[in-house]
Amino acid sequence: MALLVHLKTVLELRGRGDRIAKVTFRGQSFYSRVLENCEDVADFDETFRWPVASSINSNEMLEIQIFNYSKVFSNKLIGTFRMVLQKVVEENHVEVTDTLIDDNNAIIKTRLCVEVRYQATDGTVGSWYDGDFLGDESIQEEEKDSQETDGLLPGSRPSSRPPGEKSFRSKGREKTKGGRDGEHKAGRSVFSAMKLGKNRPHKEEPQRQDEPAVLEMEDLDRLAIHLGDGLDPDSVSLASVTALTTNVSNKRSKPDIKMEPSAGRPMDYQVSITVIEARQLVGLNMDPVVCVEVGDDKKYTSMKESTNCPYYNEYFVFDFHVSPDVMFDKIIKISVIHSKNLLRSGTLVGSFKMDVGTVYSQPEHQFHHKWAILSDPDDISAGLKGYVKCDVAVVGKGDNIKTPHKANETDEDDIEGNLLLPEGVPPERQWARFYVKIYRAEGLPRMNTSLMANVKKAFIGENKDLVDPYVQVFFAGQKGKTSVQKSSYEPLWNEQVVFTDLFPPLCKRMKVQIRDSDKVNDVAIGTHFIDLRKISNDGDKGFLPTLGPAWVNMYGSTRNYTLLDEHQDLNEGLGEGVSFRARLMLGLAVEILDTSNPELTSSTEVQVEQATPISESCTGKVEEFFLFGAFLEASMIDRKNGDKPITFEVTIGNYGNEVDGLSRPQRPRPRKEPGDEEEVDLIQNSSDDETDEAGDLASVSSTPPMRPQITDRNYFHLPYLERKPCIYIKSWWPDQRRRLYNANIMDHIADKLEEGLNDVQEMIKTEKSYPERRLRGVLEELSCGCCRFLSLADKDQSHSSRTRLDRERLKSCMRELESMGQQAKTLRAQVKRHTVRDKLRQCQNFLQKLRFLADEPQHSIPDVFIWMMSNNKRIAYARVPSKDLLFSIVEEELGKDCAKVKTLFLKVPEGNRGFGSAGWTVQAKLELYLWLGLSKQRKDFLCGLPCGFEEVKAAQGLGLHSFPPISLVYTKKQAFQLRAHMYQARSLFAADSSGLSDPFARVFFINQSQCTEVLNETLCPTWDQMLVFDNLELYGEAHELRDDPPIIVIEIYDQDTMGKADFMGRTFAKPLVKMADEAYCPPRFPPQLEYYQIYRGNATAGDLLAAFELLQIGPAGKADLPPINGPVDMDQGPIMPVPMGIRPVLSKYRIEVLFWGLRDLKRVNLAQVDRPRVDIECAGKGVQSSLIHNYKKNPNFNTLVKWFEVDLPENELLHPPLNIRVVDCRAFGRYTLVGSHAVSSLRRFVYRPPDRSAPSWNTAGEVVVNMELEVPVRKLETMVKLDATSDAVIKVDVADEEKEKKKKKKGSSEEMEEEEPDESMLDWWSKYFASIDTMKEQLRQQEASGIDLEEKEEMDNTEGLKGLMKGKEKARAAKEEKKKRAQSLGPGQASEAPEKKKPKIDELKVYPKELESEFDNFKDWLHTFNLLRGKTGDDEDGSTEEERIVGRFKGSLCVYKVPLPEDVSREAGYDPTYGMFQGIPSNDPINVLVRVYVVRATDLHPADINGKADPYIAIRLGKTDIRDKENYISKQLNPVFGKSFDIEASFPMESMLTVAVYDWDLVGTDDLIGETKIDLENRFYSKHRATCGIAQTYSTHGYNIWRDPMKPSQILTHLCKEGKVDGPHFGPPGRVKVSNRVFTGPSEIEDENGQRKPTEEHVALLALRHWEDIPRVGCRLVPEHVETRPLLNPDKPGIEQGRLELWVDMFPMDMPAPGTPLDISPRKPKKYELRVIVWNTDEVVLEDDDFFTGEKSSDIFVRGWLKGQQEDKQDTDVHYHSLTGEGNFNWRYLFPFDYLAAEEKIVISKKESMFSWDETEYKIPARLTLQIWDADHFSADDFLGAIELDLNRFPRGAKTAKQCTMEMITGEVDVPLVSIFKQKRVKGWWPLLARNENDEFELTGKVEAELHLLTAEEAEKNPVGLARNEPDPLEKPNRPDTAFVWFLNPLKSIKYLICTRYKWLIIKTVLALLGLLMLALFLYSLPGYMVKKLLGA
């Protein structure tokens, strides 16, 4: 359906001006082109087309607006025309001439003519009138004049008409503005990525004679100028069809050129994990061990005793060799275990999990110094259990990891800011339940042999399904499985597997597998992976993972059961499945848990529960689908299968599978449900012819068997001729087409985008002009496509079976595409010439995102398989996704291969045979037409077939219109002749052991094939041969064949004398077709040569330069064809060369070759190479070097330069490769090939005369560069980039504000300011560490400025558009911005902290990579060509390029057109024997002193079982081999070597330096850890002067002493002399002039004694450091540096084994000898003694309850140690029975330790275990730990609290106990930090903390301590005693009398415990008792007395 509007003319315009029209329908507008300088008539004559998805209403409007166009201001509206489309809808065709109305709706005079057509849905289009068309010729004539204005304006594009839509009569051509519709798929793309050749312009599009088939951008430019230099070149965009398309009908889809699936192939991976330390572990006084698990491998760190924050710094490496899918699903698990030992496994504190894929998808494939959060999987209600700091990196083969440079880790450990989580994952992850619901499965294959079943059936008489399925789910390292359903092909489970894990999970994929339960071993039936990223969205409007309930399809090996299935891996989900296995209905839901809920089960064990069953209809209404296929051609059938009849079978799911479909899918009979009555009736009794047909329409799924015929000796074909077999299959699936439609729309947008981006890349690569215009066009199309998606995707909202995921995905896709459309618009405006590459990268991100979004996670219809069967055996298959075949009436939703002829290459199933060359040989090539859609839509399923056939139907279908045919008979056929012009190929695959091949090409077209001749021993054959195929018969309509010819397959083979030819690669091409009635003349003919990319498997294997034309043989026979008038070469038989108009135009070039020497030649056939020679060959001409007479003695050539002349094409892109071969001349005139190298592109060697107008050539006027003494040199570098023409003195100075700042600082913060460092204190390491800080700072700033540039650019764009900001202001603003930034970025601190002033230290340059990469491999004039020999390895052999290298040739090339430019030969000192290579040093042997300084190694690969290594350095150069074995460094992976080695060598014999790191072993041989190779010769001879780096400043003594024997002034003089530069003129002191540059600087120097002497060296050095500014000869000189080189191990190719920091100096022996080497030996740690006096404690928590009185008290003691020396911990005595938490100790600890000030680490040497051979050195941060404990006699002591002080920066103690608070430590208040190394003596109160039950810190006590630091010497002079001992004893503490032990002093304890508290009570009690006693006595004696008294005794 489409609406077409043909805007013809606008009449009676007023005035004169540029006019433009805008046509709008349904909110989508198209603009016409601009008509310049029209007067009263504007002839637009353009057609606009809207593809319409839903029928047009009769009240919809069409609006046309006419504007006066203005480049600068907005366009001015002239008038508007609005039309209601009622008449159009009724009649389908209306022509109107009418007046316009202006803004006020007033009618104006201006009139407009327009014609509107409407093609309705049902294909009823108003009939066409013959008068609508002219013959093609007349159109051609008329178009000539429109050519001028075409293809230029935004969005003008030549037509590419759909087949049924001929052109309107037109003067211009039909245009559509950047629109997109299926027809424009025709516009394959400017340089089509699929090299079907660039589709040529349509014959109606004339082009000038000499012009290539691409409308070159220059013409556009000419046109632009011709149009009145009007358009702003920055707004032009090219749509995708610019003058390039043929009128391709859409009957063919692109074949896929890559044959081999890459997924399943195993690769090398290395996971390296460094566990640095753990913090805040939950638990008291623990002994933690960290366990690192990757997959099934476990490794443990050592155990640290009694600490909650252990420091490990241990490195673990895991090596794997598996396929990527398996690798990325492995889980990395880091867990902390408490008190593990040999006997017990310990208790788990907490663990952290993440899959390898997450790490691999990080930038640089790594997490560096990040904190992993530990959680306890058994108790999910608990909070976090601590943190582990680690580095995790995953390296695949060929990935190189940039480790951030390791230096002092001073950055404060901000744990929360550096968590080990990918970007965008919240730090607070919550626990969640993942419910995987398994409902049922269908279509399972049988999994037992039927033999057993038959036996069973015979005995028991039961007939069972032969499979016992269950489902197993793997997620995050756990697995759960459902119950087993016995004997069922359609099992019903309704169970759910529940996982509990943190959300969002750090594991990307969930694996769901149906398995067959078996007594012996269970096997997988099929596997499906759920990618969580595809079923969730983490944005603001995102959604939790959700899926289904939906069917997922599983694919795997073929369904016939065998005991040993060689393709079993396919069922495990590895590799591409070759057959449908089953489908499973599943759902997934996630619930975030509320962990505070007490009912929650807190374990994370996997659970399996019953799930609620769901209704059948929830996955969608089951519809009948119809699949139709027609086989148009079957060729290239491998000869193994040529002898038996062949049949092709097509299956979709199990439908159509006749051999092993077994469980026959039943056609679902509709069940009666109330309310469905009528519908059911219809289906069963409809009187329509449908039923009979449906009743009898049995599917025909395979073609009749046919015996192949021979094509040539390798391939056969099936002789279908005019009768093409068809297949059709009915199948029933839930109707979920909407999902596929949305995916298709996105795929279309993505395909178009990819095509466009490939164009742009190709344009950049081939240096075509204006790639930015094409990119703008691409972005326009993208934004249009996105809008289109939004309008289409929103349909069918009410669909009952849409799952939650469908709804959410639709929303998120719409959001994403909407924003992408917006971004594309904005980007389009920003595309400028210089930003193309950058924006291209951003577009690549769009592409990835689109592909990601288009991948639908909920399947519906299974994929279609096409199998080739021979003798009922399955031989080869192809798999086509069903969404690509799906039909829709809306064009964008149509699958890309639906109703098209698709070329398929069948391949053997993967498995042991599928990889490698077996998988590349094509088993068969099919031309197959496929259509899939609902049965009820099937009336036009034949619409895309090539026309001209009659249908042959099966007997029962006769006379029924919609009954599918069983074959098609073509009545029309055309005769053609194909001419293949095979010119040359380059960079082919080396197939022979010599490293060369004997290539020939075989060209296939339909069922014929021909070969070119074989060219021996070359990788770059120039065949220059025309192959003619006669008597080709093609079936179909002539005009269709013209637009859409079949493709040509070209295969390249290597001819072997024995055996059959080896396959080397293949490519496809489309011929250019000439019909009999066309003239053979430009623009289309003769065709141009083009490059076609050759593929071998998935890898590219060279290019083919060729052209193909297909010429129709008319009624007059071959007489009409253009004559073949090449000379027929009689000697070689009729080999016809490529004819004149096609072969490239040649001109004479001269190639000069510099022969320098040969290096590292390996043996050939066990014989040493002795007398080698180099042969250079290019385009049949060549030159030989002189012979090297004795390779051992001198491998250099004695004649340096030779040249030869050769005819090369004018077009540089067509230059043939140049071959370099090295042969060894043996006795008796024999010679053998040593190795060869092909230079595939000569472009980099083409001489381009320098641009003499450039500023660097301007030598007039002087430029002065001035240097103040004090300036830090880094600032200087940024400002001395001068324009050579300005004649100014530039003072490089520190910005004023910085001076101000310095003054202020001096005033205020004395404390922060560091004193100027004392010279004697500084050594080389000070310089090194200062440089590393600088490097880190620079990297940080680069990152910051990178972000900034983006912002700036955005700003520029908006500003630029308004044209507001003037240039100067802009510059000033940028400067201000820069200053601000400079201020805000203090060195790594937050901006408000006062900036640290760095002491002024001279620095060197630390390169984080090899020096070569910084200086372009030192190829400034000497290139190194690797000589190769032996076959190119295919990936699976794991062989690399490295292994094929047999030596290196050093030399260079220079190519130029023959008359040499005059100015070169006239230059002073021009020596003709050296040609273009002037000023080259002599290559005679030279003796050199090589001095290698090795600084340190980082991240070495562990070589011993204990995860460590004992590294030492080994150096090889020529015959010298130094092994520094006795100085190995024990158990270190980051050893500091600090050594220099001197070696004498003679170049050229010894020029390859190898520095290796070996692992020392006590027993057995030492293992190589890794090595690095340095080519010293290129460095030595380079113009960058890499012999000895140029220092930053010149000094004659001290740590920065000048290393070079030549002083700066001598070097400068030497360079000037070599470069023939005027100078150096030293003139008044402190000034030197070189050429036109004047350098000024300090003129004095201090010697050791502080005397000042005049010197010229400073200014000379300044000149050297700015040598790149010197005109003509300037280049960057290598500064004093340290380079970082990766260490590689040949056994693990491509994977870095660590890095080595080193530098190399070289001094020629004939020059003055250099001084002694620098001393860079590692700093010895300095011995210190830390004296800690614990005076008192206060407010300690009271732990014990008193035995007698229940009172709270504590028996306090204080324990202290330095981190890493736990075993030397020291305890005070016990203060017993403290009732108030106060304790008095006066106790002194002494801690001697060794300290490295530069790294702020304590160095400890100790034996790891009793079995260790020697001590291991550890470096540990300097931290003092103080703990308070409660002493218990009979049980373990109780831990009360602790504090850890980092001795470099700890909070200053409080003056009194009251002021001492917990906040001092937690950082909530600002406390000044002090360093004991600066303060030396500190006293104060510090808080001690512990964690309570809720895991929060609480204050448990305070300690008053005094820290005193002395050096070892001071400590010796002033000794003190430990505890309170002599000398200098401390007095005993004055403790209260209560502090004693009760069972030692029972009386005392009575006195204290009873007397003190109960004194009065006791007194009272005693008195009372006395009273009572008295009373008792009284009462006792009373009666006696009374008697006495009474008796009167």
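Backbone N, Cα and C atoms are what each Cβ position is placed from, and that goes for glycine too.
Features of the protein shown, as given by TrEMBL:
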type: DOMAIN; residues: 1-98; note: domain 'C2'
type: REGION; residues: 140-212; note: region 'Disordered'
type: COMPBIAS; residues: 163-186; note: compositional bias 'Basic and acidic residues'
type: COMPBIAS; residues: 202-211; note: compositional bias 'Basic and acidic residues'
type: DOMAIN; residues: 251-372; note: domain 'C2'
type: DOMAIN; residues: 415-546; note: domain 'C2'
type: REGION; residues: 657-708; note: region 'Disordered'
type: COMPBIAS; residues: 675-695; note: compositional bias 'Acidic residues'
type: DOMAIN; residues: 960-1085; note: domain 'C2'
type: DOMAIN; residues: 1131-1258; note: domain 'C2'
type: REGION; residues: 1296-1319; note: region 'Disordered'
type: COMPBIAS; residues: 1310-1319; note: compositional bias 'Acidic residues'
type: REGION; residues: 1340-1401; note: region 'Disordered'
type: COMPBIAS; residues: 1348-1357; note: compositional bias 'Acidic residues'
type: COMPBIAS; residues: 1366-1379; note: compositional bias 'Basic and acidic residues'
type: DOMAIN; residues: 1460-1589; note: domain 'C2'
type: DOMAIN; residues: 1710-1861; note: domain 'C2'
type: TRANSMEM; residues: 1960-1980; note: transmembrane segment
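Contact between the domain 'C2' (960-1085) and the domain 'C2' (1131-1258) is supported by 3 or more Cβ pairs under 8 Å, counting only residues 6 or more apart in sequence.
Of the recorded ranges 251-372, 1131-1258, 1460-1589, 1710-1861, the domain 'C2' (415-546) has the largest number of C-beta contacts under 8 angstroms with 251-372. Here the domain 'C2' (1131-1258) has a mean pLDDT of 85 out of 100. Counted with DSSP, the domain 'C2' (415-546) comes out as 14 helix, 56 strand, 62 coil. Break the domain 'C2' (1460-1589) down by DSSP state and the numbers are 17 helix, 53 strand, 60 coil. Taken through DSSP, the domain 'C2' (960-1085) splits into 6 helix, 63 strand, 57 coil. Shown for the domain 'C2' (1131-1258): DSSP residue counts in helix, strand and coil, namely 15 helix, 57 strand, 56 coil. The helix, strand and coil residue counts that DSSP assigns across the domain 'C2' (1-98) are 6 helix, 60 strand, 32 coil.
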